[in-house]
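Remarks on the structure that follows.
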């Protein structure tokens, strides 16, 4: 992999809060996209597709079934430093879906940066996970020039885990590798990449170190990867 490629998600080195992640964060505003105009904050994440997106301490994940989240291996591994907690569709103004402890992690056996995270059904606040999220459906496929959106938690600790959505275009697909130009930053690792129907095409895992808005990279969900995920959804 090009040395300019950086993993987006290993930056949340802070103390946990009641939300599950960081405290004593500055109240000063933070710029998420200095040059891009295709990114917006999602202030109310209580409806689909936003309520299928969850925050890890240093990244993002997407709900695909009962108690089942898809994210990156590097996010799932690093999250145990932060007490294995996941926050369901947290946003700045909308009602969040609760904070959930991780039950177990199933890593994809191949080279792809893909992992399944199962959470306990009841949150620390007594909420039911499956009643407070939606399940994102898989896309049948995707191709170059398809419009996509990326939803997640860029610079999560710095922004107090505000949710953001960016849009862009798929530039290249080769096997399980996908390149696109939707804006992303550290914290977007594991973010769902959705098509125009809000169906799941894949997840983001890395980006260009030269210019984060130039190009980003994702795990494209081939039939084989979708089968792996579906076989690991809790029954």
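Note that the numbers count up from 1, one per residue, in the order the chain is shown.
Using the three backbone atoms N, Cα and C, a Cβ is placed for every residue, glycine included.
Swiss-Prot lists 74, 113, 189 with the feature active site, charge relay system, giving similarity to another entry as the kind of evidence. According to Swiss-Prot, the feature signal peptide maps to 1-35.
Structural mapping of features recorded in Swiss-Prot.
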residue: 74; record: active site, charge relay system; DSSP class: helix
residue: 113; record: active site, charge relay system; DSSP class: coil
residue: 189; record: active site, charge relay system; DSSP class: coil
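Residue 74 (active site, charge relay system) counts 20 other C-beta atoms within 10 Å of its own C-beta, drawing on all protein chains shown. Just so you know, the Cβ of residue 113 (active site, charge relay system) picks up 24 other Cβ atoms within 10 Å once every protein chain is counted. Around the Cβ of residue 189 (active site, charge relay system), 32 further Cβ atoms fall within 10 Å across all displayed protein chains. Here residue 189 (active site, charge relay system) is positioned 10 angstrom away from residue 113 (active site, charge relay system), judged by their C-alpha atoms. Recorded residues residue 74 (active site, charge relay system) and residue 189 (active site, charge relay system) have their alpha carbons 9 Å apart, per Cα-Cα distance.
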